[in-house]
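> Please find one structure pasted underneath; my questions will follow.
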Ligand code: ADE
Ligand code: ZN
């Protein structure tokens, strides 16, 4: 609803920030802030309750007797300790309807969190390696996203990731399988175990993907060295770096990221859960924001790391002192970094601007 300026000043509420703790007003602001998610693995949104339900529906035996027991097992010491559990969990996904239900549940969470646009990763090889058809996976995800656009007004895109712990041949095969579904996939990415699997292993696959018209992104500098960030940019020609927080190890790289305006899709709760940073207070996202890096806030694998988009914003705001302008800047950066048209970006920017102006 439009407000004139007199009404606006009458309902203006100053925020009180004490030592990085969020006040009620700031919590409200974060909840209502329009958000854009650019780093979300759909398999990582599989909540223990749904895992349990799907295991029963598909008659798959889980090594846990309750959803609570599953949650209790989510204690991670690094990326690999998480991935081992995460790939096991994905085994309950068997049918197109399972992928639909998974994606629809995530989109309902987006709706609650005022996420207005999301770009979703999926890992085809996690499923095709178990004999599930590529079409089963993509069709279930895509149908839920179409419903979310219609019923919830949330726009979206799909990015397929290659698992970097598998070989180049498997990635080429996956790229081939994706071609009949090109109209549903905007880009390709690279995820899984970063250590020991540098971006250069996939230079040729990414070249072919670009020739097919896909945009590219890659996880780099999550646990791995800054050379993975440099090489993702130079060899894989990425439009965004996923995570990238290790860039702070190299001042020259930070300066280049600022100069090139290369977006980083940062995932605060993921980074503390996987011990990239011991505590949220030590996280470098706010420092990077103030240096001019195009950082964004994302949830990565929310069912495993304790929170969706609002939770991630709150975790950063509770551990750092941030203004409303800075919080809104995370969304601004994300809108600029999306894989949508200029007109669609402008429509999202208008939503953000009218929210900020209406405060
Ligand atoms: N796959 C799912 N989450 C991931 C992460 N945080 N890093 C690498 N691969 C992933
Ligand atoms: Zn990720």
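Glycine is treated like the rest: Cβ placed from N, Cα and C.
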> Write down the one residue from 111, 117, 219 that TrEMBL lists together with 39, 41, 300 as binding Zn(2+).
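According to TrEMBL, the candidate sharing the Zn(2+) site with 39, 41, 300 is 219.
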> In angstrom units, rounded to an integer, how far apart are the Cα atoms of residue 222 (active site, proton donor) and residue 243 (site 'Important for catalytic activity')?
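Here the two Cα atoms are 5 Å apart.
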> Using the centroid of the Cβ atoms of 39, 41, 219, 300 as reference, list every other same-chain residue with Cβ within 8 Å of it (recorded Zn(2+) site), in sequence order.
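Near the Zn(2+) site, the remaining chain residues are 40, 44, 121, 191, 242, 243, 265, 267, 270, 298, 301.
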> Please report the distance from the Cα of residue 300 (Zn(2+) binding site) to the Cα of residue 243 (site 'Important for catalytic activity'), rounded to the nearest angstrom.
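Cα-Cα distance, residue 300 (Zn(2+) binding site) to residue 243 (site 'Important for catalytic activity'): 9 Å.
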> Which recorded positions from the set 39, 41, 219, 243 come within 10 angstroms of residue 301 (substrate binding site), judged by C-alpha positions?
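Checking each Cα against residue 301 (substrate binding site), the hits are 39, 41.
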> Please list residues from the chain of residue 41 (Zn(2+) binding site) whose Cβ is under 8 angstroms from its Cβ, counting only those at least six apart in sequence.
121, 122, 123, 161, 191, 300, 301
> Going by DSSP, is residue 222 (active site, proton donor) sitting in a helix, a strand, or coil?
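Going by the DSSP assignment, residue 222 (active site, proton donor) belongs to neither helix nor strand, so it counts as coil.
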